[in-house]
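Just below is one structure, and these are the notes that go with it.
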Amino acid sequence: MQMATSSKPKGKALSSQASTAGGRPQQAVKFARRTSSGRIVSFSQDEDMDLSGEYSGQNDYINYTVVMPPTPDNQPANPSSENKSDGTKSRLGSDQAQHRSRQAGSREDSYGSHGGSNGGSKMERGMSIMKSNNKSMLLRSQTGDFDHNRWLFETKGTYGVGNAYWSEGDNYGRDTELSMSDFLDKPWKPLTRKIKVPAAILSPYRILILIRLVVLFFFLSWRVRNPNPDATWLWGMSIVCEIWFAISWILDIFPKFNPINRSTDLAALRDKFEKPSPANPHGRSDLPGVDIFVSTADPEKEPPLVTSNTILSILAADYPVEKLSCYISDDGGAILTFEAMAEAVRFAEVWVPFCRKHDIELRNPDSYFNLKTDPTKNKKRPDFVKDRRWMKREYDEFKVRINGLPEAIRRRSKSLNSMEMKKAKSLAREKNGGDLPPEGVDVPKATWMADGTPWPGTWLNPTDDHKKGDHAGILQVMSKVPANDPVLGQPDEKKLDFTGVDVRIPMFAYVSREKRPGFDHNKKAGAMNSLVRASAILSNGPFILNLDCDHYFYNCQAIREGMCFMMDRGGDRVCYIQFPQRFEGIDPSDRYANHNTVFFDGSMRALDGLQGPVYVGTGCMFRRYALYGFLPPRANEYLGVFGSTKRRAPDFKVPSEDESETQSLTSHPDLNLPRKFGNSAMFNESIAVAEYQGRPLADHKSVKNGRPPGALLLPRPPLDAPTVAEAIAVISCW
Ligand SMILES: O=c1ccn([C@@H]2O[C@H](COP(=O)(O)OP(=O)(O)O[C@H]3O[C@H](CO)[C@@H](O)[C@H](O)[C@H]3O)[C@@H](O)[C@H]2O)c(=O)[nH]1
Ligand SMILES: [Mn+2]
């Protein structure tokens, strides 16, 4: 998504820099790093070292210098490292200085200068020079911990999307020659990692495939060489079939040759986005927003209690509350779903803080209260048992309220309808001079909302304009946009002690798209489409996660895990992340293979090892911008029969340093496509915003397409009536 319109002079400046970097003088490059213990380690390459081998040489990083911490008589002379002692802020500052000086082609680095040339003899006294050929020493940082970044760099280890060792060919035309220092001056920990399936498991599997392949080959060649002269055509037909089966088996088995696992580092994500830093002094979450879509179609087949549980698990998810929004699409336009959702949100006001207070896992109450394991395990707060007992009672009452809803709606509608009937009759009598008109009075039997107004959706006695497939669009924000900062609870908040617990719940909206006869509404796909559009106006989360109404989060950190992939290096090229599905209520021996393990744990992992898993229709986190159908950014084109010829993509522009932070996407030709997204200006404007907010952090110069840290700290504006009206307008039939 490199869509910067780079102005000429900048491009020039870049290319000239690139050339200086290319013909880099064989000069000592010194780099240093402050370890967590406060010491400064300088990794420097000696002047006489051979740089021509780039990073691949064995000797490159085995010589390094240890600089002792600055003591009163041992102060570095360099201005950029003057205020090193006052924490992160200055450290970042000096890092920037270091980058700048390096980019300018400067020979002397900020640290290098004091470490070597002008540091003078004073520094040398405090310096111990270590020369070692022991590679494992390098794998340890000064504190003795395993230094993961360093290890990745030296082993050219891969993680997530892309590679810790960024080969020159992938440079996207910038002078991003990464050196070891880039991995050391920043707390740049990968957020995800690829984990190989152990050879002990994979090798026998692969050998088995090969053996079967060989046997198959021998069998088929024997069959072909031994025709049956009595029934040649029968033989011929079966040969064709057998070869076809063999091919289809190969097509099926070969993609499974290389399954992989992935792991995420949630602590690293927290460090990167939620730790106080100069760009984020209060340690507010700098993570992008996520919109969660739930689809439901029919409250008869998909009980509102199940849907409520899904909603509760979403509202209680462990993600910054102000960044999360939840939408339910009701394709039935059913008042039952509407009122059940209102009940669910009310219940969420106690359920969500309860989950936060006691670290409840399985945040949909139904599964939680049915867990077979000991609920008090690992629970240390003395009031847990009391709280849980109260919560369980509350949940039971909630269930009864939900189950009583259909009856309540029916009774309410009946009494209101008879009142309407009475009114209409007396009106008719007045008009007709005291008598009822001979043709009788006809009042449609409406379905009524609790506030005494007719329900705009489907009625219990369907009529035109109020039946399935023919009703108005309904959008109700049931839980407002929460405050930007945590709202801590009180000792007797809603009968539970929520002291110090954040009691906010995420924004939640009920959406029933307008349906009219004669339009193709495309079932779930159409529902998702209209949620994408409505949510773009209301919350515009750069990421979207969709669930069916009978699915729920069984890992409350799932959104964070997804974010690790999206926000990792090269994450801007990830379109979607498919989560696996797990199933409840399957018979213990699983006779019918309902757990689907072969698909979710075999095939999908194997596809991931190739190009990426397929979208299974639910439980998938999307990059919103990718859904809008723009082509992914391509730096290179692969031509030729097997894509063997690589060429710079013709419309690829190298974004410049500051442009990637400020560029506006509306100048991109795709965005001027006439009427592609309808004529809502608000919607069209939201596209570029979502794209920008979905980028990974540009906290390192090797990040090609990032946004600056701290860009997503501002509060969301509260929703006003025109905004909500626009959200309904963008999903209307006309
Ligand atoms: O007009 C419709 C019809 C269906 N749905 C929703 O679509 C989802 C899936 O429909 P369902 O009938 O439950 O399909 P299943 O066969 O149970 O689900 C399979 O197919 C779905 C659609 O691809 C996937 O999401 C599921 O993961 C997969 O299990 C449900 O949430 C429905 O509420 C709508 O929103 N509008
Ligand atoms: Mn289903």
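Going from the start of the chain as shown, residues are counted 1 onward.
Keep in mind that glycine also has a Cβ here, set from the backbone N, Cα and C atoms.
Curation plays no part in TrEMBL annotations; they are all automatic predictions.
What TrEMBL records for 1-126 (among others) is region 'Disordered'.
Annotation source TrEMBL lists compositional bias 'Polar residues' at 1-20 (among others).
Taken from TrEMBL, the feature compositional bias 'Polar residues' covers 34-44 (among others).
Within its own chain, the transmembrane segment (199-220) is flanked in space by residues 242-243, 246, 249-250, 253, 257, 259, which lie at least six positions past its ends and keep a Cβ under 8 Å from the stretch. As annotated by TrEMBL, transmembrane segment applies to 199-220 (among others).
The transmembrane segment annotation in TrEMBL covers 232-254 (among others).
Look at TrEMBL and you will find Ser295, Lys301, Glu302, Asp331, Lys523 tagged as UDP-alpha-D-glucose binding site. Less than 8 angstroms from the CB of Asp331 (UDP-alpha-D-glucose binding site) sit Ser295, Thr296, Ala297, Asp298, Ser512, Arg513, Lys515, His521, Lys523, Lys524, Ala527, each of them six or more residues away in the same chain.
The DSSP secondary structure for Asp548 (Mn(2+) binding site) is strand. For Asp548 (Mn(2+) binding site), other Cβ atoms within 10 Å of its Cβ number 20. The Mn(2+) binding site feature in TrEMBL is assigned to Lys524, Asp548.
Taken from TrEMBL, the feature region 'Disordered' covers 650-671 (among others).
DSSP assigns Lys524 (Mn(2+) binding site) to a helix. Among the binding-site residues Lys301, Lys523, Asp548, residues whose Cβ is positioned under 6 Å from ligand 2 are identified as Asp548.
DSSP assigns Ser295 (UDP-alpha-D-glucose binding site) to a strand. For the UDP-alpha-D-glucose site, the Cβ centre of Ser295, Lys301, Glu302, Asp331, Lys523 serves as reference, and the other residues of the chain with Cβ at most 8 Å from it are Thr296, Ala297, Asp298, Gly332, Lys524, Ala527, Cys549. For Glu302 (UDP-alpha-D-glucose binding site), the number of other Cβ atoms no farther than 10 Å from its own Cβ, over all displayed protein chains, is 19. A simple way to gauge crowding: the CB of Lys301 (UDP-alpha-D-glucose binding site) has 10 other CB atoms within 10 angstroms, across all the protein chains here.
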